[in-house]
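Feature list (source: TrEMBL):
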ACT_SITE  C283  active site, charge relay system
ACT_SITE  D377  active site, charge relay system
ACT_SITE  H411  active site, charge relay system
DOMAIN    254-462  domain 'BAAT/Acyl-CoA thioester hydrolase C-terminal'
Amino acid sequence: MERPRGSFPGLEEIFTMNISMRKTSLQFKQQVLLKALLKNHPRCHTVTMIQLTATPASALVDEPVHIRATGLTPFQIVLLQASLEDEMGNMFHSQAYYRANEVGEVDLEHASSLGGDYVGVHPMGLFWSLKPEKILTRLLKRDVMNSPFRVQLKLYNSNVILINKATADPIVSLTLERWYVAPGVTRIQVREGRLRGALFLPPGEGRFPGVIDLFGSIGGLIEFRASLLASHGFAALALAYCDYEDLPCPLEKVDLEYFEEAANFLLRHPKVFGPGIGVVSICKGAEIGLSMAIHLKQVRATVLINGPNFIFDAPQVYRGQIYQPLPHSPQLLSISALGLFEFRHIFEEARVEANQTSFLPIEKAQGHFLFIVGEEDKNINSKAHAEQATEQLRRNGKNNWTLLSYPGAGHLIYPPYSPLCCASKLSNFHFLIHWGGEVIPHAAAQEHSWKEIQKFLRKHLIPVVTSQL
């Protein structure tokens with residue numbers, strides 16, 4: 001029944017109002033307590049405060065990434081881990097410990113790693129220190145066009161090593177995309193006559209300097225360096241010469257006319273800037289690259305990465321002439337404590353005893369050379385070979401060469417931030433080959449040499465229009 005206006009509440013109504021006010025007060029206290037608990041709960045701090053950033057999140061594999069962690073406790077020690085799964089399902093991991101600064105930040109451009117896979121200030125250390133779960137597995141990108149490598153970064157508390165990391169939850173994580181081809185680059189499969197390869201063209205209508213890219217005894221068609229060269233403005237032909245489609249395996253001879261056909265094919269392309277081309281080559285490919293520079297007038301600039309100055313293994317043939325390989329001494333083969341085969345010294349006796357005609361006549365080449373040498377190469381004594389080749393040029397009055405020699409670098413010098421592969425097995429051999437190298441100096445060699453390769457090619461292939469690139 002409604003109470004008359006202006007009248008006072010009865011005892012029953014007062015009792016009911018009092019109970020209602022107590023309930024409201026209790027609910028308010030519970031809400032305040034809940035907010036306090038949530039504010040101080042560590043998981044809430046993780047969600048609302050701690051951040052892990054990496055910029056750019058998607059980029060070419062040879063581009064640096066800026067990694068930062070913020071919102072940490074001042075001077076807190078944390079563990080950063082990187083992981084990558086290749087196209088064959090092989091896992092690669094790296095990790096490093098860092099201490100936050102006075103404002104609770106870890107910036108890899110300035111912070112020094114305290115331990116893990118490397119020590120010191122190395123902004124890209126988590127990438128080039130990646131190691132395979134399955135020992136001596138080589139990280140090699142096969143499909144460069146359709147998918148990147150995805151690198152997952154995770155931030156853990158520093159004591160995660162004491163527990164099972166597989167079941168531990170990271171504080172925060174993110175995933176990066178590392179591409180081997182820039183937007184707009186096109187890939188053309190090459191099956192012209194007996195040529196086998198893949199041509200990568202930069203975007204745009206203009207003409208570009210042409211480059212033939214050669215790898216070593218791994219065989220097959222390796223495209224990742226050519227695709228990156230195209231991403232930086234070169235028309236790059238990844239050229240296979242053994243163990244691919246109908247090409248021979250093993251390689252019984254090197255027919256230089258095959259490579260001459262490749263040079264002419266490249267120069268005929270309407271998007272290639274003539275009149276000459278460049279060659280980027282490593283190992284057995286560098287032996288072929290050197291011979292191309294000597295015999296083919298089309299070759300104006302040659303990059304030789306850890307190669308010999310003589311023919312080894314298979315003879316070379318060009319226009320009816322046969323050029324024999326330098327003999328080797330199998331008794332000079334070394335096998336390390338881990339059972340890794342080292343071929344570094346097997347040609348030393350022959351090199352000492354051989355006359356000048358046993359070495360490739362580099363002085364006949366009309367173009368320019370960039371020698372890149374890893375001084376810890378366990379596969380080829382590449383420093384001695386490069387020094388002998390440059391001395392041969394000097395004796396003949398030539399100064400058309402540059403020699404970059406890197407202490408601590410191994411045989412497989414690839415584009416920047418590639419993990420060091422110190423040893424691996426080739427498909428056509430039953431043993432493991434020691435490539436050599438120390439992680440940090442090898443990484444530095446890769447970063448520096450990649451810039452020098454591009455500068456060298458631009459200088460000698462398009463000296464007048466360098467500014468267009």
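Quick reminder: no glycine exception, Cβ is built from N, Cα and C everywhere.
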Inter-residue Cα distance where the pair is D377 (active site, charge relay system) and H411 (active site, charge relay system), in Å: 5
Cβ neighbours of C283 (active site, charge relay system) where a neighbour is any other Cβ within 10 Å: 24
Per-residue pLDDT averaged over the domain 'BAAT/Acyl-CoA thioester hydrolase C-terminal' (254-462), given as an integer: 95
Rounded distance in angstrom between the Cα atoms of D377 (active site, charge relay system) and C283 (active site, charge relay system): 11
